[in-house]
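Worksheet: the structure to be examined is printed underneath.
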Amino acid sequence: MIEIKNVSKTYPNGTKGLKNIDLTIERGEFVVVVGLSGAGKSTLLRSINRLNEITDGEILIDGLSITKAKGKELRQIRQRTAMIFQSFNLVKRSSVLRNVLSGRVGYHGTLRTVLNLFPKQDVELALQALNRVNILEKAYSRASDLSGGQQQRVAIARALAQEPSVILADEPTASLDPLTTKQVMDDLKRINKEDKITTIVNLHFIDLAREYATRIIGLRAGEVVFDGPVSEATDEKFAEIYGRPIQEDELLGEELDEPASEHASQ
């Protein structure tokens, strides 16, 4: 469970990134956050795992305050809170397997991880994670040799290697084509269902949000202006969230319905 209690974020220049956010996200939910660029979507996700420091309020993950946590306790909470980025954040010169193993860094000492001395069970866990996203055959390839879709699936495998209770995905499909977008979202949704991992995803495309979410949260200028099930997320509601009618580039379109064939090759 994630509890966001009256959270605000004010930047040094006075800009309000978040305004009095109150949300409770239950274990196993698949939540999609939508809103215009600058609405606070990334700020919210980065505040949950404390990549951003909030100005007011408190955030609890599984009953533990990440806002107040320090040292070992903070590291332990972050170990269980995996982040997936739009830009993949892989070490391109390293192998796919080594990138996935970086998800285990929080469980070991610095020297051991620098020297790549991961125990056998960690290697097995990393390989299993790659298999779950259908990219096991690329384990010993350089990350730089992979397509964008393959790199994002490596990032998902890295998140899985953390054995998280929460996955935060910040625009994970923004740089991908429609077919690969569906494959990546299918992976995230399947993992959410199978492992009951609480998943929060920031998305640009409205139809994608409707297809995958169990709950949609709409942000506008740092405030929650919609929070409800997909059935209530009408075009009119999205127009309220965005402050204007839906535009064509906010819909992925019919290509979303193409069969996700050749999954591992994209």
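Each residue, glycine too, has its Cβ placed from N, Cα and C.
Here Swiss-Prot flags 2-246 as domain 'ABC transporter'.
Just so you know, the Cβ of Ser37 (ATP binding site) picks up 8 other Cβ atoms within 10 Å once every protein chain is counted. The feature ATP binding site is assigned by Swiss-Prot to Gly35, Leu36, Ser37, Gly38, Ala39, Gly40, Lys41, Ser42.
DSSP assigns Ser42 (ATP binding site) to a helix.
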